[in-house]
Structure formats: structure tokens, C-alpha cells
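One structure is given here, and the rest of the page talks about it.
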Amino acid sequence: MAAPAVTELEDQEMREAQREYLDFLDDEEDQGIYQSKVRDMISENQYRLIVNVNDLRKKNEKRANMLMNNAFEGLIAFQRALKDFVASIDGTYAKQYEEFYIGLEGSFGNKHVTPRTLTSRCLSCIVCVEGIVTKCSLVRPKVVRSVHYCPATKKTIERKYTDLTSLEAFPSSAVYPTKDEENNPLETEYGLSIYKDHQTITIQEMPEKAPAGQLPRSVDIILDDDLVDKVKPGDRVQVIGTYRCLPSKQNGYTSASFRTILIACNVIQMSKEVTPVFSADDLAKIKKFSKSHSKDIFEQLSRSLAPSIHGHLYIKKAILCMLLGGVEKVLDNGTRIRGDINVLLIGDPSVAKSQLLRYVLCTAPRAIPTTGRGSSGVGLTAAVTTDQETGERRLEAGAMVLADRGVVCIDEFDKMSDMDRTAIHEVMEQGRVTIAKAGIHARLNARCSVLAAANPVYGRYDQYKTPMDNIGLQDSLLSRFDLLFIMLDQMDPEQDREISDHVLRMHRYRAAGEQDGDAMPLGSAVDILATNDPNVTSEEQQELQVYEKHDSLLHGVKKRKEKILSVEFMRKYVHVAKIFKPVLTQEAASFIAEEYSRLRNQDQLSTDVARTSPVTARTLETLIRLSTAHAKVRMSKTVQLQDAEAAIELVQYAYFKKVLEKEKKRRRRDEDSDTEGEQQTQPDGEAKKRRKKRRAQEGESHDPYEFSDTEDETPVVHTPKTPVNGQEEMETDSSAKPGLSGERLKAFKSALLGAFKSAHAQSIAMEALMEAINKRNDSPFSQAEVKAALELMEEANHIMVSDNIVFLI
């Protein structure tokens, strides 16, 4: 008699939980959030509702705690309540699907874990696990209900199937029926049977959160129905689901050790880049800094890169250009021109190569470290592995795929075998990994920059051999590196004295608050235990420090005038500068073309200069990428002559270990000397007009690569003046885009200023902005007009648009 009483009590608790969940969903009298979400779900033909745990916790804390700690019963009751609620809104839609599903998001507290901290205390609980997807199985159909017809008896048999990956408490028999009780054969009615999609993925803990010197942990995850194919290898995800153990059998007996899986109910893609939080004050400081240091901003930023390393100024400039990158172009015919910059450092031991790599790991938004001995070719690109349980082939992502849109730092590059080095050729130029193995044909994105460090062939650099003999790498690989620097350990008493003074000051420096004998922690990152960042407002309130506080012991007495930028300011400045996509001007393009031909002929002009890497057509793209990166440092919309000159200087130093002297401009052969003298005295604009006029008279065809005069001119940035009342006035720009008249632009600016005033904020979301400017407006603005006007104002540095949020500068 005890068992039926327990069952009746459990059913009563289940009905009570279902009623409370139904009250939570039916919030029409409150705010109507979830009622509108359910209606949107029905209109989009979906069957999974995403519920924020924080909302449930506010309304019914007891029920939220029971759901978190007893996931199976809680989710079953929640899903039944959702089906009842959908039936009350739309009865016909509720009959279309067998089940409706609940997905969770919000703050999970101590249940927000990584694969390493996923322990037995989390069993049968709702957990949120974050990591990188390393393996993905194929999507297979899984039978939920089978229908069988018996021709002899004219009867139909129906059977449901559940296993330990389902929410039901007891799994059903896995035997597929072929005969009925009287041994009559059965025919499967596939049209009436129900199947669901089933996929298994493996996520691994993130490299920045894994402890040093230990193997990264991983966990298997079950994805069903609409969650399959949401992720691919290399994606950073947060998976919310139920943690469950499965018995493992050996020789027909169940062993005492269990394997664990996570049954997912929601998958959230994490951002590809770690985007810092910007406030209006931060943007104002960045803009002010770029204007006040417009002449020496490249020197200032490169000097602040790795300030603990003495010297190597050109290498720091190259690393700054690598962090910013060029502009990636994908042409209409499918050709991709990469914008990533690859750098190779070759030199004697103890010249701070590995320290530079380590600084990039701390500064870059995403960086994956590897070493030459500890990495294979498939470990860097991708591998096809076999699943131990099912025997299926799986695709496993390598380090370069995991570092998509980031930086891969390869130390001890010379210790890799030639076969492994050949595997990264495609990644360095095409930005993707193509796999054709074991019946799997796949293409994975690996758009990453490569920063590699290596030693010469003989351990130390031999001055009596050519650079190519010392490097010992094949030309096909060297040409894929944009810059190759040779770092020598030269014996110079003055330089040795400066380095020793610098290193000794570093060792004597002690951070504020450091106690005797205590080591400061390596990282001070705070883990956010929620699916969305709750500390955005508190981070915005912290004031951004532009410069580090001068310390005579750390920075030296002589360098008091040389201010060092703070790491946080550098990170935010690089992130803002990467948004710009500068365009080449005719002047810069001509200069790059001339210097490229000069570099190609340098071996014939001077035999005493030995180059470090071959000058190929890729060198021309290198010059364009470096010029674009230098223009990004200045936050310019166009690549000017000074950007091209800085790029040429970097390339010359990398190729010839010194900056070559500038040649005098050769006179044009096809022009008369008198005409040339007259042209040099005239302004550039008149000379161009005369050249165009001469072409028109001679009847030449139009040159498709001719740049317009507007691209040669540097755009004038208008600084908004601050009036007496404290509000910023936006000047009217006369240059309106096609389809947007000057009057409409003026009306838009006044409406935009009114929207910022009424919101009392420095930033407005795009949807709220559209609603505000078209409110009480007789002639509302269209989406195209708003986009064109915002582009004009962004070019004039009045506003900044990022992630569909408009910032007033």
C-alpha cells in the first residue's frame, strides 16, 4: 500500500508544479513578457521557449530552486505547462507538435561551471557550461514512436521509445518489434512513425581558463531536435542543460564507474571577439588622444607595447600593425584577399622573442599559444578522428581554427618538421582549412594572424653566411610571412649597460600591496556567472586611465617625459581602430607601386645588401596591408602618403636589416623637361586636370583604376563646439549622400539631437532611435535615409555606430 501512496503524492507534486509554472507563463495581468514570447514562438513556427531563470526567481524563488536542483521533474512539469498554455492560445498549433520544449538562460551562480569544475554535486541539476566545441558528430534520426501494421490481424501496434538521454525517469525497451504476440510478422509504417534529430558534440575548456601545465578537460553534450547543427568546431559556446550519469557496461556487467553527459536545453553562441565595454567618456578620450598625438601616434602606441622589453622598436611597430590588421576583401568571383598580417621573428637565444609572444597573448582579444615540438600539422589545422562508442568519423578542430579572427603564437617554429609546416601553408594565405579524408569533405574558417619565433639553423646567427642560409626555411613559407625580423645579440657596451639597468629595475620593482615573500596572481580576470554580462554598468562607471602612473624604479628616471599608455587604454584603442576600413588614395598607390619595383631590383642595384626573404608579388600586398594598418592607427578613412612611407620603412628594415636611403625622383621619359618643370611649379589639382584633358584629346579609353579627386583629399574632421548650455551642437554637413537632400539631413540631425536630449543618455539603440525620430513627425525617415545620414555623421566624427547602438561623441 505504500507504493501507490508515494506515486499519488508524486503526481500531486507534479500537478502543483505544473500549476505554478502555468501561473508564471500566464503573465498578462503583470507585464505580459512571456505571453508575447509565446505568441512570437507560435508566429515563427517554433516549439522551444527561452525562459530567463532570473524572472522565475523573482516571481517564485522556491520553484526556481527546485527546478535548478531537480531538473528532470521540473523540466517535465514546465514543458507540460507550456503545452497547456499554447493550447489555451492556439489549440490547433498545440496539436501539431508532440512536445514543446523549455530553454533556460540567466544567472546560474555556482552552477555556472567549466568542464573542469563539473563534478558529481551537479548531477541531476541544471548547469551552464562554457567552452570551445572541439568535436561534432553527424546528425542522425532517433526514433521516438514507431507504428507497426499486422496484415494478418489488420491491427496496428504503436510503441514509444525513451532512453537515459530523455527526461523521463524510466527508459523503455530498446528492442524493435518485428512480430506480434501470435508471431505474426509486422510491417513498419514509416510515415506514421516519429523521429527526432540527434547529435553529440564535445566541448573543451577554454585555454585562457585552463590551469597551466594540465590537460584541458572536456564533456560530451547531447543535442536534440532544433538544437542540432547550431554549432561547429571552433565555436565558443555556453550550453545550459541537465547533467546526467550513464552506466557503462563491461563484458555484459554494469561497472561501478559511470560516464557523464549533458542533455542540452539551450545553446548560446559566445562572441567571437572579447569586446570591451565602451562608455561615451572612453570614446571621447580615444578621440582626443588621436587628435592631440596625430604626428607621433604610431611611435607612442608602439613604444607602449611590451614596455618591459628594452629596444626592438621596429618589431613593436610590426606587432602593433599585426594587432590592427589590414582590410579583408572578398571579390564577386569568390577570391579572398587576406587582411591578416603574419610576422616571423628569427634570432639568437635570449633576445626576448618569447616575451614578445607572451605580451601578445595578454593583449590580443583572442590568442592561442602553441610550440613547434608540441604541435603537429593536424593539431594546428584539423583532424578526422573516430568516435570510440559509435565508430563514426568526427571532425576535430585544431589551434588555428580555434583562433579564428585572432592570433596564433607559435614558439620554437624551427623545431617543427617540414611536413607539419607545410600543413599551415593554406591557412596563412587562404584563411581556411580544407579537409578531404575518410569520406569527410569540409572547409573550416581559420582567418588568423600568425606570430612565430624561431632560432637560426646553427643555434646562433652566423655572420659569415647569407640570411637565407641562416634561416633555413623554404621560400614558399617565407613569402607567406609579411615581415621577417632577424634579432641579433650584438656586443655593444653602451647597449648592454642600458639593458642591464632596465632588467635590474624590473626585478627590483614591487607592485603596490605586495607583501614580503608573496607572489602576485598571474591573472586578475573575474568570471561572470551568467549567460549575459550583469556588470556592464559598473564597468562603465570606472574611469579609463590613459597613461600609467610614472614610477622611477619601473620606468627609469631618464624616461620621465616618455609616457607609457595603460594596457586597458591600448586594448580599447586597438578595438576602436580595427573598426575603420581605410581606402587607398592614388598618391599612396603610386608610391607603393614605385617602391615595390625598387625592392624587386634592389639585388641588382647593390650587391652588398643581402635580403632576408624573397621579394614576390605577396610583398606588394604586404605593403598595402601595412599602410592600411598605419592608417587605422591614425583613425583615418583614407590611406595617405605618410602611411605608405611608414609601411615601406618597416618592410625595408625587415628585408635588409636597415632603412634604405630614398632615391631622387626620376623624371618621366615620355615628357619634355620644360613641361615637367612647369608641372612641378603648378598645384597637383591643376596638373591632374591637364593630364585628364590631354587624355580626352588623344582619345584614350577610361582607366577603371583611376582614382577620383575626392579620394586624394584628406577629409576635414569638424570638431563639435560646446555651447553655453552644455549640449553638443552638430554642424550641418552640406555634402549629402545621393537620395538624401541637405534639408532632410538637417531635419534628421535636429531630430537626433532631440532624441538624445529626451533620453538623457549618450547612447541609444537603433530601434529606439527610429521610434524617437519618427515620433510626431509628418514626414518620417525611412531605413535607408537613416543609414545614409548616420554614415555621413560618422564620417564627420559626430557619432559612432557599433553593434546597432549610436554613441554621441
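Cβ coordinates come from backbone N, Cα and C, glycine included.
The annotation domain 'MCM' is assigned in Swiss-Prot to 297-504. Here the domain 'MCM' (297-504) returns a mean pLDDT of 81 for the predicted model.
Summarising the annotation, Swiss-Prot assigns ATP binding site to GLY347, ASP348, PRO349, SER350, VAL351, ALA352, LYS353, SER354. Reduced to three states, the DSSP call for SER354 (ATP binding site) is helix.
The feature motif 'Arginine finger' is assigned by Swiss-Prot to 479-482. Helix, strand and coil residue tallies for the motif 'Arginine finger' (479-482), in that order: 0 helix, 0 strand, 4 coil [DSSP].
If you look up Swiss-Prot, you'll see 664-741 marked as region 'Disordered'.
Residues or ranges marked as compositional bias 'Basic and acidic residues' in Swiss-Prot: 696-705.
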Other than GLY347, ASP348, PRO349, SER350, VAL351, ALA352, LYS353, SER354, which residues of the chain come within 8 Å of the ATP site, judged by Cβ distance to the Cβ centroid of those residues? ALA453, MET487, ASP489
Cβ packing number for SER350 (ATP binding site), 10 Å threshold: 9
Take the Cβ of ASP348 (ATP binding site) and count every other Cβ within 10 Å, whichever protein chain it belongs to. 16
In three-state terms from DSSP, label ASP348 (ATP binding site) for me. coil
